[in-house]
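S.K.: For reference, the structure I am asking about is given below.
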């Protein structure tokens, strides 16, 4: 059993599957954004961002490019894809989930999303480290 676990954790296939699962949130959101651009623009308007079309385009591009780099390791750039997605995810906290400005129950809901964003960023950091080894 120990050798099965060791072989599974040492496998490049397991690493690729992990990167696919980790990036799926961003990849699916990016594909959704391509086909539902107006919805993404409305999210940017709701976040009171200037030039909402530009921010919507940038969001979709970051989600897709970061995911593709993370999954494919194109030119050894998984670390870059993971880093881009981690920074993007952390920047979404003050822009999209400013829980400190909200009243209950929205405060708690947004705080939980913030914790998820932080955890996801940690996973992206680990993916970057694992690929560089």
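Glycine too: its Cβ is placed from the backbone N, Cα and C atoms.
Caution: TrEMBL annotation is automatic and unverified by curators.
What TrEMBL records for this protein is below:
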TRANSMEM  12-34  transmembrane segment
TRANSMEM  54-72  transmembrane segment
TRANSMEM  79-99  transmembrane segment
TRANSMEM  111-130  transmembrane segment
S.K.: Are there residues at least 6 beyond the ends of the transmembrane segment (12-34) whose Cβ is under 8 Å from a Cβ of it, and what are they?
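M.R.: 40, 56, 59-64, 66-68, 70-71, 73, 78, 81, 85, 120, 123-124, 127, 130-131.
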S.K.: Could you give the residue numbers and ranges of same-chain residues that sit at least 6 residues beyond the transmembrane segment (54-72) on either side and whose C-beta is under 8 angstroms from one of its C-beta atoms?
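M.R.: Residues 16, 19-20, 22-24, 26-27, 29-31, 33-34, 37, 40-41, 43-44, 78, 80-82, 84-85, 88, 124, 127.
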S.K.: Mind checking which residues of the chain, 6+ beyond the ends of the transmembrane segment (111-130), have their Cβ under 8 Å from one of its Cβ atoms?
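M.R.: For the transmembrane segment (111-130), the far contacts come to 15, 18-19, 22, 25, 70, 78-79, 82-83, 85-86, 89-90, 92-93, 97, 99.
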